[in-house]
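Report on the structure given below.
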């Protein structure tokens, strides 16, 4: 995994800046003969698309994906993958004309501005350039391909905390997730968040969030000791998402306070001859290898630093300054991180599915 | 990063089973002309070595490391690295003769047994085989080399939570860390842990823990967008350690409840012309790239499942069974994870130091 | 190096089929602040472009390259690289409408048809799909970027054999290379080739060729033992070009017949205090590491199998058949391999330059 | 592929210097449940072992390999691989005490001395250190494992040219290969080589050679476009062997002089319903992918520069000097390159077998 490529065998390389002519990715290593059209990808992009409620950034992009390579119509008339690299591209449309001179000269606290400049000695300040969350659109597009690689795999996600307000897990209902603006699985909490985020938005402030993603239907045996553990790569995948500051698997940080008796998931034989786990503190992974239980991961997203309140900073020239964000403003970037987290989990599992098939066979 | 290799340019490949003749690693990509003898490595291994207090496993290993390649005595009579692969080996001494037939036939809940068997169709049950924490000795050995790669780098760690008992951060004193059996930076909390762990040990139970590791003295600019972020690779490194279920950077999961005003670390020019951050919620990393602030990471270790209470499980043959651990028993594996976490952080930073030097120069 | 990516730190990922909407590549890992515009790339593409003489395929493509990401205008008003991935794209224009049903059903002998079908169970037959030499346009584009990475580097190439006719090396004149249709450094031989290729073309046949590429100005020290040798990666780079069947460095296969006395390049101190080699049988590489002498490599290109004479083959359905090429026909694909070989050598050296800088410093 | 690791999924990392305490390798990614004992590896090492005739170096090493990890005795009492890293080690025994001060101060022409020093600023001069052909013992050991990975695979090799004397291919007899000191498949030529090499040896000189390696029984479909071509990786594998200056596949450089009619291997359906190729100029590979025909590769080894005649060179201190080799002397290093070439071909094919299985399934 190097620079702008994620994955070892199912490899996703993304490119593009927020305000360049386009963004794109190359998906390499995808198995052949998988049905794939733009219609398989577009719905996931639509789910992530900004500007769909007042709680996310108002940038308006159709985010229409094009497949530029790697597919062909087979003898049955179906468009399928050919095993060659799949190039996906989205043209940038709404690069709103704007004066970037302020942020070109001052580093926004909490943004990547200072670090990019320290590393490269140059950065594209328009919309955050490469560090913009716009890049995550291509993760979602690649994730749509990944979802088709592992037979039987389902990957879902939900927002489980906004600011200090966590959901009531006892009321978790997957069907609720698409019924509100927050991918919230608990209708009651969704209402609380709506009020909370209205206040945050009006104050020109922002808040953090926690997202949970769950993969079901994957086989046991995915992952490998010692440095290709499935949970290790899930952590890498999720921590690579913009603004993420923490990742946990299964019981996660809470496991620190558990006893050995409480934590270990006991097993019994099921009536169908398969092994049943009596709990899932492991989050579906033991020794870095999937057990067949659902893989459960959570990640924390910090509040965006693009807020209306002026903050103290410094300039490229080395003087003290103040800066505040103008224009489009996103009170909770964690909302749109849900489909992105799903995509990264799907990509990681697809990659490990191919890796497992290499070493152990189908 | 594949299978048993960690790192991209500073590459560590480990091998060996708990009860095989030896364990070892190959460190490849280390810069030349770095002074290196076994005396540089042994003290870190001694710090990790089991059997040093009643709170860790009583397996007694001298863990004497040998350098088998990659060094030579230079013109000044000093043994230095040559740029070729450094092979390190520790012979296993205390593979206590024991009857492994029970765990060969039944899967210990919470252990890797079931998953290894599901993946490979075979496993070495003696002492956990490859999944044993014994492998982490080689991480510590490689970490000792990594510490010498980045000029000015210091990496330290501490235990910050045992079971439900977290330290009082206001009393953090790095000098305390070596004064107790727990790498605890707060003498008061160390005493609480001593009592708590005595009770856990006597009950034949176990408990989880949280470790914090801190790197200071690294330059800004380490890490790279989008899939080679420094925090992403720190998460990968720490999550690869046995029994780890969560990783966070800087404010971590707590950042979900912060506002944008609280979270973003403001900046001012220092008197020496360098940029000063007024807080470190970012944990030293913005946009995946180091800012020059200390890199701060925490990780949660679950309680070991090796407990004396019988637990429900299944056998390889597909029948229900019960299993409990006999013999050596480790009430809090998190203690010994401190030097391992330090080593993984050092390795990750050394790797990124070389990567940065590649793209941007010294 | 995996699938469609070449290089370890200077990484080139290409995508696209001959008759798809576009072809492209992503160059990742390029150092920042290198001046780069489309005008730096286009001339190399123009050199490779088909249809420039009667000796190459008559497909007519403007091959106009677009830079879609990874550059920005710096404070001095110059467009430079930013250190983020550089996406390059060429739209396909001359995908001549043609009936591909014959080659969709029968495997052309000597082409990749049979092998792609055996591997993937599907292939895009239009113009050879992914196996078309059209992909090499992106190698040339990426090579243009690579040329700018290593200070002082010059990479040149020439055709040194066409069919049975080799050049007279005593008359090698680099200035001649651009004076004929063959990149031939010897005007006398160019005339012989012109006659020879006229006959080949009229006969509807084809012929092989040998290309020599030379890199000058690279520093000593590039390459690394044991499996990252510079000559190893040059061999990999050149053998990856379509239709290449052999690669040699320096004296190459001829060294098998030399004595130790003849082969070893003796050394003397130059007046300027640098080491002078008295010959270059090594081709600039010893022990896999550059010595500072010019790196010299040659590669053999087989004759294309697209000929007008019917050849015996089999069909997908498993019956015997005959097939011959219709339409555009390229009597010597080796000619256009010259700029491609240059590009691959430049990319390999740029990659090793960054790798060297990582391990040893600037 | 980086530094001292070869292979992508079947990964071999070697370590060790000629005169260090030991040499070794780690084979990572090997499938589980493959029977493997030291007795599977030792015969291949014995074949390569020096000192078996007067035509190879007289260093006498038992080269006894030890398996240190990655195997376990299964339920049937057979020792098999477990899927975890296989560590192999050979202790160095015959590091003859010798004065290395001359070659520590002067660079031997044609050796890696100058290049290593230029790169690293330090080198281990004892026996050539890391650049010694001693490293190839571990390639042979790893190759023995690789041979067991691909069902039905046979890899054989032969010496086909010594100095100016090539074999008569019409008299090729694989059974002859083990009947002479040269791995020569043609008894008549073996006698010529014996005389020739006697003269070379007595003159204190050396000569080059060409080796041919052939893999049979591999499936079609191995290899992948565009930068993971099987022939590309074979070229990389063979060029990584010490002293190799050229590699060719199938008709190789001779294909440059062929016509399209002569070169393309025609096909017919066999009586058994499989495709038969009527020739094998392709060397079993089309478009970078195996066709199922035998994979045929040749590589040229230069004469060793360790000769008794003094040669002009320079010293580390920057003065002109002369140097000649004393002691053990190897008139044709190409002989022992035969088992090494076989091993590298086997490793490359095993790696691609796993890669293919990943993308396309078993």
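Including glycine, each Cβ sits where the backbone N, Cα and C put it.
As recorded in TrEMBL, the features of this protein are as follows:
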BINDING   D:48, D:54  NADP(+) binding site
BINDING   D:130, D:131, D:132, D:242, D:243, D:287, D:302, D:303, D:304, D:305, D:306, D:328  FMN binding site
Quick note, residue D:48 (NADP(+) binding site) and residue D:304 (FMN binding site): C-alpha atoms separated, nearest Å, by 17
Whole-Å Cα distance, residue D:304 (FMN binding site) to residue D:54 (NADP(+) binding site), is 16
Here the binding-site residues are D:130, D:132, D:243, D:302, D:306, and the Cα closest to that of residue D:54 (NADP(+) binding site) is found at D:306
CB contacts under 8 angstroms to residue D:243 (FMN binding site), restricted to the same chain and 6+ apart in sequence, sorted by sequence, are D:133, D:301, D:302, D:304, D:333, D:334, D:337
Binding-site residues D:48, D:54, D:132, D:243, D:302, D:304 with CB under 8 A of any chain C CB, in sequence order, are D:302, D:304
Quick note, binding-site residues D:130, D:132, D:243 vs chain B, Cβ pairs under 8 Å, ordered by sequence, gives D:130
Counting across all protein chains, other CB atoms within 10 angstroms of the CB of residue D:48 (NADP(+) binding site) number 24
Densest Cβ environment (other Cβ within 10 Å) across the binding-site residues D:132, D:304, D:306 belongs to D:304
Within 10 A of the CB of residue D:130 (FMN binding site), the number of other CB atoms across every chain shown is 30
Counting across all protein chains, other CB atoms within 10 angstroms of the CB of residue D:302 (FMN binding site) number 30
Other C-beta atoms within 10 angstroms of the C-beta of residue D:54 (NADP(+) binding site) total 12
